[in-house]
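These notes concern the structure reproduced below.
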Amino acid sequence: MMQPQLADKIRKRTEKQFPNGIEPHGTDALRFTLAALASTGRDINWDMKRLEGYRNFCNKLWNASRFVLMNTEGQDCGFNGGEMTLSLADRWILAEFNQTIKAYREALDSFRFDIAAGILYEFTWNQFCDWYLELTKPVMNGGTEAELRGTRHTLVTVLEGLLRLAHPIIPFITETIWQRVKVLCGITADTIMLQPFPQYDASQVDEAALADTEWLKQAIVAVRNIRAEMNIAPGKPLELLLRGCSADAERRVNENRGFLQTLARLESITVLPADDKGPVSVAKIIDGAELLIPMAGLINKEDELARLAKEVAKIEGEISRIENKLANEGFVARAPEAVIAKEREKLEGYAEAKAKLIEQQAVIAAL
């Protein structure tokens, strides 16, 4: 205890806060919390909210595993042969998982269990559960046999590897789930404890899939944010217009319309010429491309002008911050040329974004 003289005071406060004792949260949740708190400092500031959060993590893993098993048990998962076609999402999650393996092993090798726990949490919750499982739905609901086999194979492969990766920290839930998953993989071993630890495979890191999926994720989030900001019902199909797209962005749209339309709830996607002003729309900018949602019958003029003014003010703040940094002779003298070039590139990007938002303000104001 950091301050032994406070022991009695702490005991009384704890008894008052938990008159019936601390509610059970599960051994795995406790182990995960202890790993996450195991920083290089000598003291641990215990936080019940962290314990609750890691209990929720275990529940998230359990529910994700149920989804995988529901869609793969009794199905052809490609482990006994057969043509397989991997979707962009499949190639992306395999790349993400292998990058996670590499970072996780490096953290364990340096005895940074807190970093390892954070890496495991980030991949499981934010990539595998929140994104990949959603990205499989267009294939699961209408893919070819080869596509279905490829996605089922990827679901099982990544989940089985993830269970082995997480087992040292959360052994009980991973063993329980693995006992069902191993059957799909054709594994005859009795326990996950004797399975090899996942190894990084550079051949599965598809850089193109990583870049394409990141762009699609940003586009989906942009549409969802517009819905939230404009109070548009989540289930209402929208028309998406894109303007100022690079060749890569246009290719990504054309190759992945199914993913975009399903996950962003879109009824149509149209790429406009760069000089086409299009109808009055709410805009978001991704990598220089404008994502436009026409607001006919949906928009409140005053609210949209206020939103655009807020966006412009935010960008002006970033422009001012970077200009001040570049005007600082000490910074320019000490910083590497690459860092200075990066700041100038960001400044140009913000200036371009501001110009597009001001143009959008003029369109809305003219209504």
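Quick reminder: no glycine exception, Cβ is built from N, Cα and C everywhere.
Per TrEMBL, the features are as follows:
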type   : residues : note
REGION : 1-20     : region 'Disordered'
DOMAIN : 90-240   : domain 'Methionyl/Valyl/Leucyl/Isoleucyl-tRNA synthetase anticodon-binding'
COILED : 298-360  : coiled coil
DOMAIN : 302-360  : domain 'Valyl-tRNA synthetase tRNA-binding arm'
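The domain 'Valyl-tRNA synthetase tRNA-binding arm' (302-360): residue composition by secondary structure is 56 helix, 0 strand, 3 coil, according to DSSP. Across the domain 'Methionyl/Valyl/Leucyl/Isoleucyl-tRNA synthetase anticodon-binding' (90-240), the model assigns an average pLDDT of 94.
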